[in-house]
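Peer 1: Sharing a structure below in structure tokens format, with a few things to ask.
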Amino acid sequence: MACPWKFLFRAKFHQYGMKEEKDINNNVEKPPGATPSPSTQDDLKNHKHHNDSPQPLTETVQKLPESLDKLHATPLSRPQHVRIKNWGNGMTFQDTLHHKAKGDLACKSKSCLGAIMNPKSLTREPRDKPTPPDELLPQAIEFVNQYYSSFKEAKIEEHLARVEAVTKEIETTGTYQLTGDELIFATKQAWRNAPRCIGRIQWSNLQVFDARSCSTAKEMFEHICRHLRYASNNGNIRSAITVFPQRTDGKHDFRVWNAQLIRYAGYQMPDGTILGDPASVEFTQLCIDLGWKPKYGRFDVVPLVLQADGQDPEFFEIPPDLVLEVPMEHPKYEWFRELELKWYALPAVANMLLEVGGLEFPGCPFNGWYMGTEIGVRDFCDVQRYNILEEVGRRMGLETHKLASLWKDRAVIEINVAVLHSFQKQNVTIMDHHSAAESFMKYMQSEYRSRGGCPADWIWLVPPISGSITPVFHQEMLNYVLSPFYYYQVEAWKTHVWQDEKRRPQRRKIQLKVLVKAVLFASMLMRKTMASRVRVTILFATETGKSETLARDLGALFSCAFHPKVLCMDEYKLSHLEEEQLLLVVTSTFGNGDSPGNGEKLKKSLFMLKELTNKFRYAVFGLGSSMYPQFCAFAHDIDHKLSHLGASQLTPGGEGDELNGKEEAFRCWAVQTFKAACDTSDVRGKHCIQIPRLYTSNVTWDPHHYRLLQDSQPLDLNKALSKMHAKNVFTLRLKSQRNLQSPISNRTTLQVELSCEDSQELSYLPGEHLGVFPGNQLALVQGILERVVYSPAPLQPVHLETLSERGSYWVRNNRLPPCSLSQALTYFLDITTPPTHLLLRKLAQLAHQYAERHRLEILCHPSEYNKWKLTNSPTFLEVLEEFPSLRVSAGFLLSQLPILKPRYYSISSSRDCTPMEVHLTVAVLVYPTRDGQGPLHHGVCSTWLSNLKPQDPVPCFVRSAGNFKLPEDPSRPCILIGPGTGIAPFRSFWQQRLHDIKHKGLRGSRMTLVFGCRRPDEDHLYREEMLEMAQSGVLHEVHTAYSRLPGQPKVYVQDILRQQLASQVLRMLHEEQGHLYVCGDVRMARDVAHTLKHLVAAKLSLSEEQVEDYFFQLKSQKRYHEDIFGAVFPYEVKKDGAAKQPSDPRVPAAHGRS
């Protein structure tokens, strides 16, 4: 029998000299011979291992053999180390683990091959005979030593017995078999040792499927199906590996021929183009040669090609239910869906070889989960892959013909945003590259502490975008191969010995693509001066993305003199307040004075905080609409709380009103805050700092910087609106409309029926919104056209150009599409909203009479402006009439007037009930000005809709309503609360429920409707339909609150809840896990919420804080739904900018502004 002891007791790492020095890996001084204490991890099948690499057997067994005792003795010398440094933070590590590396890498003395994709040193060639026993034995014993050294408690007898058993097995059979636990240990260690993997922090969580007993390709397929089902896990991806039988003589291999278990086909078309994934062209043709029938689509999943026991391969179609795919969409660009992109959720590498203890497993498919850039950069943007970069750039309106415009960078970022958004929307596991890089740095530090090294390939670990703004970029790394290890293999079809020559694929000449031969390292090292600057944290919370945009603009401003960091509130740790120097907050207010969704967590933690020891400086800017009574409420709450905690306010809080020039207000506040910060921080050279042009742009109008040129391009309204607003705009046509109010009412509420016969691909869910792009009134447009000077013909298409910053050339302005001035004023420009301060200041330049110019300048002051705006609420035409000496050019209008925004309406129909129609419920808005003495003003969209004739086009798009949708479980009870046009989405709810009952056999749970209006004979919208739904059992209860019944007290929806439904509401919410929906005016929603909280607090004996937490949980569980809108009538806005309570605060408002 061969002697194993010379391999077991080899202690080659004792050969180096030792000197006393600081242990940099653990950052503490240690006495000579001290070893790091091991970390523990979960045990593998009832026995625990160290996180450490193999250590000597511990001294827990008495009377060890002398030679074995030497193995455990404290080493008299410390291994030589390689020092590696992180150039970002200065931290250094000492790598000693590389002394256990196996073999040499690809580098030569005069040339580095580190950028070679598949170097020979990382590739295992096929064998035609078994590994000789004298080569296998030392590797086997070394692995057994490694395995038993990983236990927390030594198992000396078991260890020695296993060594003898392996030795005897090799001597008898020429090979040996791993135990199940050894296989699990080996696969995890191989992942831990993989230098090109950035996600190794999860190495200990790998699920191992032992498939070494299978013998046929069909059995292999069944194992892989099990693997796919487990790993996909409905989107909650789990890392897993399936290990097929080990290699014997190289002639009976079990292999998966696919590069990945799931991959899309690539078809070489007759004209030389490629349809699908170009990376799969060769393999796809192989599948076709084996008998697979191609589908010739862009995203066809290729079959699995499996080889068992060295036999010719067989192919198997993967069942569609095992292929989880994610359709791509963008959170802002609706047109991104038109690209019709998708990607599979599971990245499962299938063609690598596992080497462990001299054994080779050529079939071992494994998976983790995606890092976003793998799809968004490599799969979608690489020129040799789907290569969508230029198309996306063009759709974004970027200058794709100029490299210096950085269009590629901007486009690739948005593609990656789309990938992350799409995966997250579908609840599929994915990690962004910044988080992945951060997690690797934590893993690397842990590895150096636990085992003195971490093999890492810098070229592979630095993400393909973001470069030096990821921490791995600045980290020196040492690359080497340990055992166990995952090796590359030569493609199976290139080396397979065919038994049936008729099945051998014909050899084809493969066209070689142009390969990228070098990796360009861009970006400078981080400037050392940043470390000496004052740190500034900028937090934002947002629902629409506007606060984030402004926060990042603020970061750009403060980066001129400070060290800013911009974070979303849900990414911020409250404990960091104790370390802040300067904190800036930019946030919107959502709903009824609440925080945006991504600010809820911080709000709750901050408001529970009692005190701060760090008295930092802060400033807050709030965004909102003064049409809401809780204008900028969340920003004010944060301001007051920080002040209460003892923080020092740097500048007064700022407010940005969506109805009154929020961008100008933000710029003024930002510059004021920046100057104050420079003063308090004593910034050197603060008077010479050049701040971004955004904050220094001239507020004056210079007509020489703009010009109009004739254009021959006809206007495509849908395409133009799609590009301007980043929406997928389509055309519906008016079918009919009827007034839902009775003849005795002096108000109008329309049921608008739109035909979607020309847009049959239209899809929406009950509760979602229809965004409508209206046209301005013809009288307003004509009145402005009559007062314009220096104008082309009203119907002549033109486009706008602006002078470059240096004044040397003209640049096409893409703010508006090529169109006539008449078209611009009708469809693209807002001519009804009162002009902002900034626009009035520019108009003052154009007044030819001194008195008018002086009056306009006075109106730029906030107090005068607010009084004038609230009294007159002037349209742009009325401004021209009030100041007749104004000489306004077409260039001024096209460049300075604000963009006309879409109006949103809840869809009042079910797609299943009316597949060819979309219904809206629209209150036609008419209101007086100048305290009733001025002209009547009309809502833009509601008036436009009311004037349409049958078959007139309506440009629109569908907007998701978030969580405002029917429960996924139809057995959950619902209470629907919607006065006035707040009934709109609930009509779609009851139509959908009626359809499900009739056609799907579903019996939904109790649905209770609480409606409110003035009188039953005046404005009870959809009254007959409600009665029908009640009689058919769709609505189990209908309660109506009438607020204008003669001789009776006013009753509102909250009164119904308090007086008639208190017990039912509590039972539904607290016991039956039901859903409650509120739709309508923000003041009504506030009163309803207050009533509900009072009822719950009284019934459950909760404190004010407890009941707030109770409703916070309801919203978190997506069981309390709100779809609310602000005040509609401008005269209801107070001078201080907040919406006031009208004489009847509960009068139903129009659903959807104007």
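Here the Cβ of each residue, glycine as well, is placed from N, Cα and C on the backbone.
The shown structure was predicted, so the numbers you read here are calculated from the model rather than taken from an experiment.
According to Swiss-Prot, the protein carries these features:
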BINDING   C197, Y488  heme b binding site
BINDING   Q260, W369, Y370, E374  L-arginine binding site
BINDING   R378, I459, W460, F473  (6R)-L-erythro-5,6,7,8-tetrahydrobiopterin binding site
REGION    512-532  region 'Calmodulin-binding'
DOMAIN    536-674  domain 'Flavodoxin-like'
BINDING   T542, E543, T544, K546, S547, S588, T589, S625, C632, E658  FMN binding site
MOD_RES   Y572  phosphotyrosine
DOMAIN    727-967  domain 'FAD-binding FR-type'
BINDING   R747, T981, R1014, S1043, R1044, K1050, Y1052, Q1054, D1087  NADP(+) binding site
BINDING   H769, R903, Y905, S906, T921, A923, Y927, V940, C941, S942  FAD binding site
Peer 1: Per 10 Å Cβ neighbour count, which of the binding-site residues S547, T589 ranks highest?
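Peer 2: Answer by Cβ density within 10 Å: S547.
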Peer 1: Hey, what's the widest CA-to-CA gap across R378, I459, W460, F473, the (6R)-L-erythro-5,6,7,8-tetrahydrobiopterin contacts in the record, in Å?
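Peer 2: Site span for (6R)-L-erythro-5,6,7,8-tetrahydrobiopterin, by Cα atoms: 18 Å.
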Peer 1: Tell me the Cα distance separating R1014 (NADP(+) binding site) from Y905 (FAD binding site), rounded to the nearest angstrom.
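Peer 2: That comes out at 22 Å between the alpha carbons.
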Peer 1: Whole-number Å distance between the CA of Q260 (L-arginine binding site) and the CA of C941 (FAD binding site)?
Peer 2: 53
Peer 1: Over all pairs in Q260, W369, Y370, E374, the listed L-arginine binding residues, work out the largest Cα-Cα distance in Å.
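Peer 2: Pairwise Cα check on Q260, W369, Y370, E374 gives a maximum of 14 Å.
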Peer 1: Cα distance, Y927 (FAD binding site) to R747 (NADP(+) binding site), nearest Å?
Peer 2: 11
Peer 1: Over the span of the region 'Calmodulin-binding' (512-532), how high is the average pLDDT in this prediction?
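Peer 2: Mean model confidence (pLDDT) across the region 'Calmodulin-binding' (512-532) is 45.
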Peer 1: Can you list the residues of the same chain, besides T542, E543, T544, K546, S547, S588, T589, S625, C632, E658, whose Cβ falls within 8 Å of the FMN site's Cβ centroid?
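Peer 2: Once T542, E543, T544, K546, S547, S588, T589, S625, C632, E658 are set aside, the remaining close residues are T587, F590, P596, L623, G624.
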Peer 1: Which one of these binding-site residues has the most other Cβ atoms within 10 Å of its own Cβ: Q260, T542?
Peer 2: T542
Peer 1: Measuring Cα to Cα, how many angstrom lie between C941 (FAD binding site) and T544 (FMN binding site)?
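Peer 2: Per the Cα atoms, C941 (FAD binding site) and T544 (FMN binding site) stand 22 Å apart.
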Peer 1: Taking DSSP three-state, what's R378 ((6R)-L-erythro-5,6,7,8-tetrahydrobiopterin binding site) in: helix, strand or coil?
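Peer 2: In the DSSP reduction, R378 ((6R)-L-erythro-5,6,7,8-tetrahydrobiopterin binding site) maps to helix.
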Peer 1: Reported as an integer number of Å, what is the Cα distance between Y1052 (NADP(+) binding site) and T921 (FAD binding site)?
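Peer 2: If we compare the Cα positions of Y1052 (NADP(+) binding site) and T921 (FAD binding site), the gap is 21 Å.
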Peer 1: If the L-arginine site is taken as the center of the Cβ atoms of Q260, W369, Y370, E374, which further residues of that chain fall within 8 Å of it by their Cβ?
Peer 2: L346, P347, N367, G368, M371, I375
Peer 1: Would you identify the secondary structure of D1087 (NADP(+) binding site) according to DSSP, in three states?
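Peer 2: The three-state answer is helix.
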Peer 1: Between T542 (FMN binding site) and I459 ((6R)-L-erythro-5,6,7,8-tetrahydrobiopterin binding site), what C-alpha distance do you get in Å?
Peer 2: 36
Peer 1: Given the binding-site residues C197, W369, C632, H769, R1014, which lie within 10 A of W460 ((6R)-L-erythro-5,6,7,8-tetrahydrobiopterin binding site) by CA-CA distance?
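Peer 2: Hits: C197.
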Peer 1: Just the number: how many Å between the Cα atoms of I459 ((6R)-L-erythro-5,6,7,8-tetrahydrobiopterin binding site) and H769 (FAD binding site)?
Peer 2: 47
Peer 1: Between R1044 (NADP(+) binding site) and Y927 (FAD binding site), what is the CA-CA distance rounded to a whole number of Å?
Peer 2: 21
